[in-house]
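A.B. asks: The following block contains the structure, expressed as structure tokens.
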Amino acid sequence: MAPFLSAHGESASSSSSSSPTPSRHTRNQHVDYSTPGSTGYNIPQNTTWNAPSNRKIRVLTIGAGISGILMAYQLQKHCENVEHVVYEKNEDVGGTWLENRYPRAGCDIPSHAYTYQFALNPDWPRFFSFAPDIWAYLNKVCETFDLKKYMRFHVEVVGCYWQEHAGEWVVKLREHLPNHEVREFEDRCNVLLYGAGVLNNFKFPDIPGLQDRFKGRVIHTARWPKDYKEEDWAKERVAVIGSGASSIQTVPGMQPYAKHLDIFVRTGVWFGVIAGNSGSQAKEYSEEERENFRRDPKAVVAHAREIEEQVNGMWGGFYAGSMGQKMGSGYFRTRMAEHIKDERLLQGFSPKFGLGCRRITPGDPYMEAIQKENVDVHFTPVESCTEKGVVGGDGVEREVDTVICATGFDVSYRPRFPVIGKDGVDLREKWDLCPESYLGLAIPDMPNFLTFIGPTWPIENGSVMAPLHSVSEYAIQLIKRMQNENIRSWVPRQDITDSFNDHVQEWIKHTVWKDDCRSWYKNNETGRVNAIWPGSSLHYQQVIERPRYEDFEIHSFNDNPWAHLGMGWTVQDRKGPKEEDVCPYFNVKNIDPKWYEACGGDSRLLVERPEESSQAGQQFLWPTGT
């Protein structure tokens, strides 16, 4: 177990190799055992064990998307004496669900699985919801629990700087005011939570001539212009570059209206069924179904569980050579053949890699759209752009009016601004070649810092919502320990983190992700997988259920790291038996039924657990025996 370090970073267990450790006690040594403070150490008098009042903690969250909203709720519900502020660069909450407004932008996880567990939503309009539906849900969560009071909008983070002595992060911020002026200011926090997301920093493809030669319009799906609508598409020939999730959603949204679509695809796609037993990809919930969900919470829970069980049940198919991999691949190939009648298209889209190497995508509307007369699919990358159009790897120039780049995001995990941790370490440089984390949520050299959906996280298997909830609970445990023990800083050890990542990379070799496929899960130049957690979603949740404090370097504000014991008072002791339970160990639920039966009692009384009040205690009589 790693030693607990003092305020000066000195371990109580450290010793010099050149000389023996001196004894704390020697004969004839005069020691004052009666005068408080005679050793120079004074016990804090007002400290109470597990009392939030011991210390105020300030938490700063970057981003008001899924993660930032979750932390606002969790801190409000579970923490006392904690200040929380969320800075968001956009004008409102929602993150990616506010920003992405391309045609049919939505989630590839069924709606009832893409929900906070404390706020199951009976009002989802369809099985796979679109971005406006998801944004409306997130906004309702914020309004219901009054969470926007913690949030400041139009404020972007420009840099984060760790202050070792103070145990704080200094966060430099830039606010864009309504009068178009810009105000720069600083904030400080004890805990910094990075919730900006990994699919947040979009990038255009590096195609010669795309930005400086082509005379038409160039659009990235992540920044879809509000004024580019159906009536515009009807007049244009449009090129769509990419075959990932945004392309698979955009194409069927544009196809019915566009004059012509040229789609450029260089990688096959697994068009799959996700929780197919619970609803079709086009299913809309009727008002009767939604009313039933509103009236009966058990019904909405049962539906969410049915979906989640099917999604999580896919996990076994991701192991290379497994029966699940073989059966799943065969089923999906057969299903694709049923939907794609054109043999050239079927062969072009059929992946040359295992099921799951790239994210499995629900794509029934896409498979239908690519077979329409106004759509041509080219299985080639775009090599360059001319003034009038695009040139594929086949050397053919195709004239278009607009180029849509459905090419994803910068998934290097590197923050867009300086994050300077211990000893001047810049997270951007630390992650320049190879992003590695501790359990997907913490990083060596970055004290009091947690990231949501970091490298090596369960992004590949189902909904992110349950793992995110586990990360939020992990953060709360650390914050409460900081309060109780007056901890200045905690940071995962580099050697422990290295060993964890060695395990991850060895584990990858047993899975489908070792295959040669282009995916944002991996570095496509080196082939190293950076995104995947080495286990199922449920596996991750159980692993991080409680922090492994032995994996951390922990520094206290106190020279004596046991000063947080104070004068020995608990909250219950301070308030007394009229307000608190001062003997919680005497409890009906602690009685072993076998023992109670041996004493002549009826153990069913224990199962029913009568009310543990003073009156219930008077009514509950021990058997006299025989």
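Cβ coordinates come from backbone N, Cα and C, glycine included.
Quick paste of what Swiss-Prot says about this protein:
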type     : residues                                                                                       : note
BINDING  : THR96, TRP97, LEU98, GLU99, ASP108, ILE109, TYR114                                             : FAD binding site
BINDING  : GLY106, CYS107, ASP108, SER243, GLY244, ALA245, SER246, SER247, ILE248, GLN249, ARG266, THR267 : NADP(+) binding site
COMPBIAS : 1-23                                                                                           : compositional bias 'Low complexity'
COMPBIAS : 31-47                                                                                          : compositional bias 'Polar residues'
REGION   : 1-47                                                                                           : region 'Disordered'
SITE     : ARG359                                                                                         : site 'Transition state stabilizer'
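Buried or exposed, and what's around them? Tell me for each listed feature.
C.D. replies: Around the Cβ of ILE109 (FAD binding site), 21 further Cβ atoms fall within 10 Å across all displayed protein chains. Secondary structure at ILE109 (FAD binding site), taken from DSSP and collapsed to helix, strand or coil, is coil.
The number of other CB atoms found within 10 A of the CB of GLY106 (NADP(+) binding site), across every protein chain shown, is 22.
For the compositional bias 'Polar residues' (31-47), the DSSP counts in helix, strand and coil order read 0 helix, 0 strand, 17 coil.
The DSSP secondary structure for ARG359 (site 'Transition state stabilizer') is coil.
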A.B. asks: For LEU98 (FAD binding site) and ILE248 (NADP(+) binding site), what Cα-Cα distance in Å is obtained after rounding to a whole number?
C.D. replies: 19
A.B. asks: Restricting to the chain of ILE248 (NADP(+) binding site) and a gap of 6 or more, list residues whose Cβ falls under 8 Å of its Cβ, or answer none.
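C.D. replies: The answer is VAL269, THR361, GLY363, TYR366.
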A.B. asks: Looking at the recorded positions GLY106, GLY244, SER246, ARG266, ARG359, which ones sit with their CA no more than 10 Å from the CA of TRP97 (FAD binding site)?
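C.D. replies: Checking Cα-Cα distances against TRP97 (FAD binding site), the recorded positions within 10 Å turn out to be GLY106.
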A.B. asks: Between the binding-site residues THR96, SER246, where is the Cβ count within 10 Å the lowest?
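C.D. replies: Result for the binding-site residues THR96, SER246: minimum number of other Cβ atoms within 10 Å at THR96.
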A.B. asks: Using a Cβ cut-off under 8 Å and a sequence separation of 6 or more, which residues in the same chain sit near ARG359 (site 'Transition state stabilizer')?
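C.D. replies: Looking at Cβ-Cβ distances below 8 Å from ARG359 (site 'Transition state stabilizer'), excluding near sequence neighbours, one finds ASP108, ALA245, GLU460, SER519, TYR521.
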A.B. asks: Return the residues near GLU99 (FAD binding site), defined as same-chain residues 6+ apart in sequence whose C-beta is under 8 angstroms from its C-beta, sorted by sequence, else 'none'.
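C.D. replies: Looking at Cβ-Cβ distances below 8 Å from GLU99 (FAD binding site), excluding near sequence neighbours, one finds ASN90, ASN200, ALA222, ARG223.
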